[in-house]
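Per TrEMBL, 3-amino-2-oxopropyl phosphate binding site is recorded for Asn7, Arg18, Asp199, Gly221, His222. Per TrEMBL, active site, proton acceptor is recorded for His43, Glu74. Under the heading 1-deoxy-D-xylulose 5-phosphate binding site, TrEMBL lists Arg45, His50, Thr104. Marked as site 'Transition state stabilizer' by TrEMBL: Glu157. As annotated by TrEMBL, active site, proton donor applies to His198.
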Amino acid sequence: MTLLSVNLNAVAQLRNRRDLPWPSVTGIARLVLAAGAAGITVHPRPDERHIRRTDVFDLAEVLRDYPGREFNVEGYPSEDFLALVAEVHPHQVTLVPDDPSQATSDHGWDFVAHAELLRGVIGRLHGHGARVSLFTDPDVGEAGVAAAKATGADRIELFTGPYGACFSDPARAERELGSLAATAAAAAAAGLGVNAGHDLTLANLSAFQAAVPGVAEASIGHALTADALIMGFAEAVRRYIAVLS
Ligand SMILES: CC(=O)[C@@H](O)[C@H](O)COP(=O)(O)O
Ligand SMILES: NCC(=O)COP(=O)(O)O
């Protein structure tokens, strides 16, 4: 069974439209956890376009009321980011090679070029007990997985954005699923855990699950929030969990 971690970036972005405290990021976190989500994911970007530094501390407090659920904090390993996660102590840190100016996360790590950086950062994160996952392009294959393993990471997160973009091209979706499945199998053989995320939806998730077995955690936010605008967060969480189970 793949666990669902709900990404709250989009809720924070809606809140930030006005200088008002609603929609409440912590309130939605409590709602999705009560509905059965295994955890919460956030990506506090340097410009605080959505998740703010204060949200990360507030959500860590919420997670303390839900033993067994996990807090996953994503970001580029800048000194500011590393200082934040050293204070908050999330269960998992997902390292992403994002430039501050990027509109969204749109590629994984070059594990060879960034080997030294990643090894040092992962050692620091392990020092305060975090599990470390590395954002990974779908087509890195065995060589890329071996390089990821060499950094000391615990998991890779399959970047499913290219697959999610195939919503009108079934043939390309099949090719993307083939790449994702090959990289996931290589990761499992190398003793790495496998997470997944970016542009997963109720429409594409079951085909992903069928093609890529053994994914430990899917972090889903944008589409789940869009669904929640129609059916509510509790029902949306239940629908995604049903597909992931
Ligand atoms: C790493 C990833 O794919 C997403 O988790 C990321 O959080 C998306 O960031 P935005 O919500 O800022 O697009
Ligand atoms: N790591 C992926 C994530 O947290 C959410 O991505 P998305 O569902 O908002 O595209």
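Here, residue 1 is simply the first one shown, and the rest follow in order.
Placement of Cβ uses the backbone N, Cα and C atoms for every residue, glycine included.
Features per TrEMBL, on structure.
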residue : record                                      : CB count, 10 Å
Asn7    : 3-amino-2-oxopropyl phosphate binding site  : 25
Arg18   : 3-amino-2-oxopropyl phosphate binding site  : 8
His43   : active site, proton acceptor                : 23
Arg45   : 1-deoxy-D-xylulose 5-phosphate binding site : 22
Thr104  : 1-deoxy-D-xylulose 5-phosphate binding site : 12
Glu157  : site 'Transition state stabilizer'          : 29
His198  : active site, proton donor                   : 24
Asp199  : 3-amino-2-oxopropyl phosphate binding site  : 19
Gly221  : 3-amino-2-oxopropyl phosphate binding site  : 24
His222  : 3-amino-2-oxopropyl phosphate binding site  : 17
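In three-state terms derived from DSSP, Glu74 (active site, proton acceptor) belongs to an extended strand segment. Proximity of the recorded positions Asn7, Arg45, His198, His222 to ligand 2, judged by a Cβ distance under 6 angstroms to any of its atoms, singles out Asn7, His198, His222 in sequence order. Taken in sequence order, the recorded positions Arg18, His43, Glu74, Asp199 that lie near ligand 1, meaning a CB under 6 Å from one of its atoms, are His43, Glu74. Counted over all residue pairs in Arg45, His50, Thr104, the record's binders of 1-deoxy-D-xylulose 5-phosphate, the longest Cα to Cα distance measures 12 angstrom. According to DSSP, Asn7 (3-amino-2-oxopropyl phosphate binding site) is assigned to a strand segment.
Here the C-alpha separation of His222 (3-amino-2-oxopropyl phosphate binding site) and His43 (active site, proton acceptor) works out to 12 Å.
Under a cutoff of 8 A between CB atoms, and with a sequence separation of 6+ in the same chain, the neighbours of His50 (1-deoxy-D-xylulose 5-phosphate binding site) are Asn9, Ala10, Ala12, Gln13, Asn16, His43. Once the Cα atoms of Asn7, Arg18, Asp199, Gly221, His222, the listed binders of 3-amino-2-oxopropyl phosphate, are compared pairwise, the greatest separation found is 26 Å. According to DSSP, His222 (3-amino-2-oxopropyl phosphate binding site) is assigned to a helical segment.
Within 10 Å (C-alpha to C-alpha) of Gly221 (3-amino-2-oxopropyl phosphate binding site) lie the following recorded positions from Arg45, Glu74, Thr104, His198: His198.
Neighbouring residues of the recorded 1-deoxy-D-xylulose 5-phosphate site, listed in sequence order and excluding Arg45, His50, Thr104, comprise Asn9, Gln13, His43, Arg49, Ile51 (Cβ within 8 Å of the Cβ centroid). Under the three-state DSSP scheme, Glu157 (site 'Transition state stabilizer') falls in the strand class.
Note on proximity: among Asn7, Arg18, Glu74, Asp199, the recorded positions of the record, the Cα nearest Arg45 (1-deoxy-D-xylulose 5-phosphate binding site) is that of Glu74.
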